[in-house]
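I have placed the structure first, in the form of structure tokens, so that the comments after it can refer back to it.
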Amino acid sequence: MTDISSNFHQEGVVEIQVPQEEEKEKEDQEEEKASCEWDFHLSTVISSCNSINGSVCDTIGVLEFDPCGNLLASGGIARKIRIYTVNSLSQEEREGDRVALDHGNACNYYICTPAKLSSLKWKPGWGSRVLGSGDYDGVVMEYDLEKKMPFFERDEHGGRRVWSIDYCHSDPVLGASGGDDGTMQMWDPRSGDNGKCLAMVQPCKQYSPVCCVEFNPFRGPIVAVGCVDRKVYAYDMRKMMDPVFVLDGHQKAVTYIRFLDERTIVSSSVDGCLKMWDAEDQRVIRTYKGHNNSRRFVGLSVWRPGGLICCGSESNQVFVYDKRWGEPIWVYGCEPMGLTRHDHGFVSSVCWQQKEENRCTLVAGDSDGVLRVFRGKRR
């Protein structure tokens, strides 16, 4: 969504056994190569007149399915939160065909926001009623979607852009936000004073912007943050003093963090790679390369039931990785010919629906405001 660089991973027996060992080694190498066990296809394309005219004012910066997987929220440069039902994204299609829709028809409703949006999160424990947002003016807001209006607002990042927000799963009222002021702040609307700051950390002493915040959704009081200083810091939210561990391996700013399971973290960076970490040992398990990412936020999403990872690319492509292999297993889109990487659009956000194990739904948004819905099934 935004240019990162501008703001701031026995002899006779031996004769018989050697060929067998070589053959086994060859088989092992073949098993290590990435292979796709899925059939993906483009199901639905949702666009608008802005997309046709190539306008950048509708860039989709964030996509989030609700906890039940029945609603999708989108936000970005257009200063709108759009809410789609899964049914509207998956209208009837014939085999091999794709459905083309307009945002006005596909969107169930939208809410106008006072500023450009950088982050959206559904509030756990509230069904699909409450949605939180972080914006370019440094404000965190919560919206009651039944009333289609905000009911909570806080600004403790000094008016600096809020890059990311998230909610604690063990105590869903508790939230955290990270921003350009170099801090991660935790807050609770129940404390009064417009969600008074309960704790604040500055991971990097040089005020390096915090690009992403993620609570561990599986267990324990851990909240992780990724910074422009290339590191991931994890804190025990009961004692927000020093980090309990630091993951250091990226060459540039860390833009996204996602927990794949209770001890495994996937991080994204503008060094052009994703990394999967063992959080307990603080080591890199695997590095994923193939997509183009050197300047912008291109999205990151993990589909936990299927063990798949997805990100966008500055080449306007969607990349899917299997957690077992460092090479992509599926790529959608063709890199434009004759253009530099900054002359064309880019995929700016991706999101998996967290349902089933043998079928999946993936949504990708781009810098022209186009949503693409992909369906996948295990072969």
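Note that Cβ sites are derived from N, Cα and C of the backbone, with glycine treated the same way.
Positions annotated as region 'Disordered' by TrEMBL: 1-33. Look at TrEMBL and you will find 10-19 tagged as compositional bias 'Low complexity'. According to TrEMBL, the feature compositional bias 'Basic and acidic residues' maps to 21-33. Under the heading repeat 'WD', TrEMBL lists 247-287.
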The repeat 'WD' (247-287): which same-chain residues, six or more beyond its ends, come within Cβ distance under 8 Å?
-> 4-5, 8-9, 209, 211-214, 216-220, 222, 224-234, 293-302, 304, 307, 309, 311, 321, 323-326
To what whole number does the mean pLDDT across the repeat 'WD' (247-287) round?
-> 96
Can you tell me how the residues of the repeat 'WD' (247-287) break down into helix, strand and coil by DSSP?
-> 0 helix, 27 strand, 14 coil
